[in-house]
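Engineer: Under the heading active site, proton acceptor, Swiss-Prot lists GLU130. Annotated domain 'Radical SAM core' per Swiss-Prot: 138-377, in sequence order, evidence recorded as sequence analysis. What Swiss-Prot records for CYS145-CYS383 is disulfide bond, and it gives sequence analysis as the kind of evidence. The [4Fe-4S] cluster binding site annotation in Swiss-Prot covers CYS152, CYS156, CYS159, and the record cites sequence analysis as its basis. Residues or ranges marked as S-adenosyl-L-methionine binding site in Swiss-Prot: GLY209, GLU210, SER241, SER263, LEU264, HIS265, ASN340. Positions annotated as active site, S-methylcysteine intermediate by Swiss-Prot: CYS383.
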Amino acid sequence: MTSASQAAPVALPVMPDAEDARIMAKAALFAPPPSVMEDGRKDLVGLSREQLTEALAEIGFPAFRAKQLWHWIYHRGETDFRVMSSIAKPQQETLAERFVISRPAVTECLTSVDETRKWLFRFRDGQEAETVYIPDPVEDRGAVCISSQVGCTLSCRFCHTGTQPLVRNLGPAEIVGQFMAARDAYGEWPSPKGETPRLLSTIVLMGMGEPLYNYENVKQAMRIVMDGDGIALSRRRITLSTSGVVPMMDRCGTELAVNLAISLHAVTDELRDELVPLNRKYPIRELIAACRRYPAASNARRITFEYIMLDGINDSEAEARELVRLIAGIPAKVNLIPFNPWPGSQYTPSRPKALERFSRIVMEAGFASPIRTPRGRDILAACGQLRTESRKERRID
């Protein structure tokens, strides 16, 4: 495994234009609280290497201690300074007095009949988000579906999370902490190296929230995850799903270069305006153009177009052909997802014949189009079913 210094070169940050700046200004209104305990101790999880070095310098620790701590936190998964044998006991005590290495609290953990597991995590301010582990049905590996926000601002009509207004963004510690807590649950520490099999083999940013509306925090969390001296998960094993925040897609491709998934779900603006209201701001033409220029896309790393199959709504043969026309020339695959019902939902999943017919048309055009087998439906852990009871407190002036 390469070290951080030998990893893929870090891209220079892209200077934001006016629309990027507007998005980031709005994100600041939903900023996470500081990663500080009530007793004043600072959380080291979620800090970049530079921030960790600075935090230790403030208490007189040399820079090499940051490298040691990084190894203990992200490679070994350790939360107790007292067992860090490469650090002298007096310094262990100083670290414990000034810092913590946190995990989100597990409020609830449910396991499906198909072994999918869902956690309800509570953060320091009492807000909650859900995380799901989806095991591969054949091999000893699986994906961790991570949330980026508490609630969501997009109000997609078929999505349970969309019925929960946005409360706030999650910070880097809360995002990477979901993956670390999942590793705790499955005992996958220290981090597997090289070709060693990983039970938690991939991350999909497909949980609660729109990752590109919380881009800076997501970016920092994923850079921590990808660092070769810690968790060391390759960017090829990370997929970010967006409903189409077009201005941030270029930055994501340049700065993170992770795999991209697009929540498409319709092939006309008229229908997508209804199903995915964000389409009114960034219509299909602009979204597809952004996909064509996404820097990380290639035949080896295809863009995934996610398509929720709704009975009688978006599952006709004509729509399958239009989908093929839209994505022609893009290195892509199409995931067909039968709608997963949730309490109060108004849709039903497409019928098996419609699913098979749609898939066949897309496949015959040269695109892989698997029909996703629902996982975790019985515990409301399937695609589009996540939701918590967190609410944004009204400010009292």
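Just so it is clear, glycine is given a Cβ too, placed from its N, Cα and C backbone atoms.
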Engineer: Given the recorded positions CYS145, GLU210, SER263, CYS383, find the one whose Cα is closest in space to the Cα of CYS152 ([4Fe-4S] cluster binding site).
Structural biologist: GLU210
Engineer: Relative to the Cα of SER241 (S-adenosyl-L-methionine binding site), which of the recorded positions GLU130, CYS145, CYS159 has the closest Cα?
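Structural biologist: It is CYS145, whose Cα lies nearest.
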Engineer: Tell me whether SER263 (S-adenosyl-L-methionine binding site) sits in a helix, a strand or coil according to DSSP.
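Structural biologist: In the DSSP reduction, SER263 (S-adenosyl-L-methionine binding site) maps to strand.
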Engineer: Looking at the recorded positions GLU130, CYS159, SER263, LEU264, HIS265, ASN340, which ones sit with their CA no more than 10 Å from the CA of CYS383 (disulfide bond)?
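Structural biologist: Hits: CYS159, ASN340.
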Engineer: What other residues of the same chain, not counting CYS152, CYS156, CYS159, have a CB atom within 8 A of the CB centroid of the [4Fe-4S] cluster site?
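Structural biologist: My list of surrounding residues reads LEU154, SER155, PHE158, HIS160, THR161, GLY162, THR163, SER243, GLY384.
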Engineer: Around SER241 (S-adenosyl-L-methionine binding site), how many other CB atoms lie within 10 A of its CB?
Structural biologist: 21
Engineer: Rounded to a whole angstrom, what is the C-alpha distance between HIS265 (S-adenosyl-L-methionine binding site) and CYS156 ([4Fe-4S] cluster binding site)?
Structural biologist: 10
Engineer: How big is the Cα-to-Cα gap, in Å, between CYS145 (disulfide bond) and GLU210 (S-adenosyl-L-methionine binding site)?
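Structural biologist: Here the two Cα atoms lie 13 Å apart.
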Engineer: Among the binding-site residues listed here, CYS152, CYS156, which has the most company in the form of other Cβ atoms within 10 Å of its Cβ?
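Structural biologist: Neighbour-count leader: CYS152.
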